[in-house]
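> Mind having a look at this structure? Questions to follow.
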């Protein structure tokens, strides 16, 4: 029974050995490629070698320069912030002190602005009283020698007139100090010879009356300006705290003019019209000369 089973297996092994032997493989290969011929080998040229070397160099260069194959991360645009210490950080006390300092500065600036506004709004007041002006005038008159015939306007040229000066004296001082330009007809209201009266509460009335007197062509001078001087005096009475000295001069002039007719035995109502007109011509800054005349009459 076993012999009949081994015989077919031995015949199969022999067939496999015969097909896998080297001689069988060579013969089978010869039979398979008998109709074909081997392809001839092509000779390489220098152009192909140059192309191959160029491609190799380009690949190496791209590998070394491309960021794709780089191991390091690219640098960021911004730099890292520096480390802060505790000394650099502001404390609560420092912040409170800074706020207090700023508040004090704002308060000081506000007070300075208010003081400047008050100073600008306060009108200019005469710096000297009538008594001081009269005393100065008498001292100057005594200082001048008797034989000196030089006019007073020339000896006091360039000096600011007193607050009690008459319109004629103001005009002379204005002409001497260049406040009035006769060629152009302009009046410099900022001239110190006017005593700052053009910038007070009644500055407009003073400008109107003084300019009318300067440009007046009537005889006696200023006869056509009586109404304007009356308006100016009415304005002075509204501000007695500013023009108190000028109002006192006007009252003294009125008392002197009223006492003169009584001393002569004539009634006060018969006072000449010219005296009344001269009284109306007295501006805000006059009249020291009237006070001197009153003393001489007494």
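Keep in mind that glycine also has a Cβ here, set from the backbone N, Cα and C atoms.
Dumping what Swiss-Prot says about this protein:
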type	residues	note
COMPBIAS	110-121	compositional bias 'Low complexity'
COMPBIAS	256-266	compositional bias 'Low complexity'
DISULFID	191-193	disulfide bond
DISULFID	202-235	disulfide bond
DISULFID	212-225	disulfide bond
DOMAIN	199-243	domain 'CHCH'
MOTIF	225-235	motif 'Cx9C motif 2'
> Name the secondary structure element type, per DSSP in three states, that contains residue 235 (disulfide bond).
helix
> To the nearest Å, how far is the Cα of residue 202 (disulfide bond) from the Cα of residue 212 (disulfide bond)?
16
> If you run through the compositional bias 'Low complexity' (110-121) with DSSP, how many residues end up as helix, strand and coil?
12 helix, 0 strand, 0 coil
> Cβ atoms within 10 Å, counted per site: which of 193, 225 has the most, among these disulfide-bonded residues?
225
> Measuring Cα to Cα, how many Å separate residue 235 (disulfide bond) from residue 191 (disulfide bond)?
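Per the Cα atoms, residue 235 (disulfide bond) and residue 191 (disulfide bond) stand 22 Å apart.
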> For residue 202 (disulfide bond), what is the tally of other C-beta atoms lying within 10 angstroms of its C-beta?
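Excluding its own Cβ, residue 202 (disulfide bond) sees 26 Cβ atoms within 10 Å.
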> For a three-state summary based on DSSP, what are the helix, strand and coil counts in the domain 'CHCH' (199-243)?
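The breakdown for the domain 'CHCH' (199-243) reads 30 helix, 0 strand, 15 coil.
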